[in-house]
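Quick look at what TrEMBL lists:
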- 1-20: signal peptide (SIGNAL)
- 34-173: domain 'Lipocalin/cytosolic fatty-acid binding' (DOMAIN)
Amino acid sequence: MAAALPCLALALLCALRAAAEVPVQPGFDTQKFAGKWHFAATASNCSVYLKMKDRMKSPIATISITPEGNLAMKLAWPLPDGCQRLELLFQRSGQAGCYTGMAAQEKRELCVMETDYSHYAIVHETQHTEQQPSTALQLLTREQDVSPQLLQKFEELIPAMGLTKAVLAVLPKSGKC
């Protein structure tokens, strides 16, 4: 039994490392990724998100690529009394499809895990804050509607990213913003 413990510990460390690695879209094309995206579903362990997830509506992101190859994102969040707008800039990192940025004194890492560029994208985001790091998995779509098959595909990725389905919110459409 004592001889098996080091092997068990090594296996656990390998499993944790594998869960922490985020796959990225092979051959990621920044120009094809640019444009308007709707947030169809989100899963996150962020404490702010968890407090608001049941009241959230689908935000819209307009993504452009700067001449330096960085990702500029303009967000429009529907709120009961209007729209909140936010602009973020993510600098390209060493890996195509991955970007880093700062927002509200939080370091963010964003990776496009999978996309077909014309219908959907699955994006992984990590936020490093002073209080607690958080992870988010987001399903973006070019149109506001999401197919059941695509939603199922997204739900199957949630546990692989260290999250539970309890933190999933399928975001209803909004005519605002």
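Yeah, the Cβs are placed from backbone N, Cα and C, and that goes for glycine too.
It should be emphasised that the depicted structure is a prediction, and the values quoted were computed from it without experimental measurement.
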Averaged over the domain 'Lipocalin/cytosolic fatty-acid binding' (34-173), what pLDDT does the predicted model reach?
92
Counts of helix, strand and coil residues, the domain 'Lipocalin/cytosolic fatty-acid binding' (34-173), according to DSSP:
22 helix, 72 strand, 46 coil
